Amino acid sequence: MDYYTILGVAKTATPEEIKKAYRKLAVKYHPDKNPGDAEAERRFKEVSEAYEVLGDAQKRESYDRYGKDGPFAGAGGFGGAGMGNMEDALRTFMGAFGGDFGGNGGGFFEGLFGGLGEAFGMRGGSEGARQGASKKVHITLSFEEAAKGVEKELLVSGYKSCDACSGSGAKTSKGVKVCDRCKGSGQVVQSRGFFSMASTCPDCSGEGRVITDPCSECRGQGRIKDKRSVHVNIPSGVDSGMRLKMEGYGDAGQNGAPAGDLYIFIDVEPHPVFERHGDDLVLELPIGFVDAALGIKKEIPTLLKEGTCRLNIPEGIQSGTVLKVRGQGFPNVHGKARGDLLVRISVETPQHLSNEQKELLRKFSETEKAENFPKKRSFLDKIKGFFSDFAV
């Protein structure tokens, strides 16, 4: 279903209107207000997914342009939409009300619960098992690479899982024990009104376990600094501003937590001949006034394998006329029909004429007829009428 429809707002809605609509629906369908109601839980995840996209300017722009699948369907799409579990939906919920999962939040929930540090089972704290940070890199492609698609190797700096302890943070399996306070759950639960709040266990920082004999290689963190090569397959048809998400290619998490994601932002270099407008290509083709008058067939460049195609320019063509060559444009990133090549004709007036050339043009001018220049005749007729209106 369309995200705007899910939130009940128009496509022209302001960010404030989108946020207001989401807050109203999120409170209505929150699982703590609807215990055991599977449909309410589904709707809560659904509105959270919609807000995750429409509440972010960049994601919203991509959604408006390409739809729900995004330009990189199968590679992450909007990078965050798709509430597969309640934790993601609750994180979106808290963010919309000004909450912060690290215990530094304010706004609505802090006022409601009195300094809420952790809520609804969200894991936070300054220590313990935390998901690895996401990484962001920019990659510049040539115009041809964007058209054909390309494979690239990127060198990414960050953290990888510690090989010595397999990411556990402990020297041996005996160097870890279950947390006595939370009994391994990583959370301590409190009830206030109809809300049940699960805050991070202060003894194990939400990990559910305590490392008694830390790994000497990573000092109990479960990860170490690293540089690695990442192979990226970029599809044909990409454009500047598009984003590719590679799940799990960011920093490794601490103490066995999931890795973050890698976001690759695309920049495409301009082309010396073509301009891109969506999936269409625009080519400015200068021709002489004789060719424009008599018509001509010309070989013009394309991005296809053949490299050129023949264009039939009809006689009497005017400067600014656009001729369309179907299917010779840019490939569509979704695999749909290729765009068209739009050839804009530019009739060039000759310069630096010889005396002989000037004489030939004068002779041609003497043979001119009104039907040779319909625009000129139309203009003269108009100004005759204009001056006659002011005749005394």
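Cβ coordinates come from backbone N, Cα and C, glycine included.
Remember, predicted model here, so these are calculated numbers, not experimental data.
What Swiss-Prot annotates here:
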BINDING   CYS162, CYS165, CYS215, CYS218  Zn(2+) 1 binding site
BINDING   CYS179, CYS182, CYS201, CYS204  Zn(2+) 2 binding site
DOMAIN    2-67  domain 'J'
REPEAT    162-169  repeat 'CXXCXGXG motif'
REPEAT    179-186  repeat 'CXXCXGXG motif'
REPEAT    201-208  repeat 'CXXCXGXG motif'
REPEAT    215-222  repeat 'CXXCXGXG motif'
ZN_FING   149-227  zinc finger
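Mean model confidence of the repeat 'CXXCXGXG motif' (215-222) amounts to 88 (pLDDT, 0 to 100 scale). Candidate binding-site residues: CYS165, CYS215. Fewest other C-beta atoms within 10 angstroms, CYS215.
In summary, the repeat 'CXXCXGXG motif' (215-222) does not lie against the repeat 'CXXCXGXG motif' (179-186): fewer than three C-beta pairs, each 6 or more positions apart in sequence, are under 8 Å. Residue counts for the repeat 'CXXCXGXG motif' (179-186) under DSSP, split into helix (H, G, I), strand (E, B) and coil, are 0 helix, 0 strand, 8 coil.
For CYS201 (Zn(2+) 2 binding site), the count of additional Cβ atoms within 10 Å of its Cβ stands at 24 [all protein chains shown]. The two recorded residues, CYS215 (Zn(2+) 1 binding site) and CYS201 (Zn(2+) 2 binding site), have Cα atoms 23 Å apart. Long-range Cβ proximity for CYS218 (Zn(2+) 1 binding site), meaning a same-chain Cβ under 8 A and a gap of 6 or more residues, is found for CYS162, ALA164, CYS165, GLY169, ILE224. Of all Cβ atoms in the protein chains displayed, 25 besides its own lie within 10 Å of the Cβ of CYS204 (Zn(2+) 2 binding site).
According to DSSP, CYS162 (Zn(2+) 1 binding site) is assigned to coil rather than to any helix or strand. Same-chain neighbours of the Zn(2+) 1 site beyond CYS162, CYS165, CYS215, CYS218, judged by a C-beta within 8 angstroms of the site's C-beta center, are, in sequence order, ASP163, ALA164, SER166, GLY167, SER168, GLY169, ALA170, LYS171, PRO214, SER216, GLU217, ARG219, GLY220, GLN221, GLY222, ARG223, ILE224. Each residue in ASP180, ARG181, LYS183, GLY184, SER185, GLY186, GLN187, VAL188, PRO202, ASP203, SER205, GLY206, GLU207, GLY208, ARG209, VAL210 lies on the same chain as CYS179, CYS182, CYS201, CYS204 and has a C-beta within 8 Å of the C-beta centroid of that Zn(2+) 2 site, without being one of the site residues.
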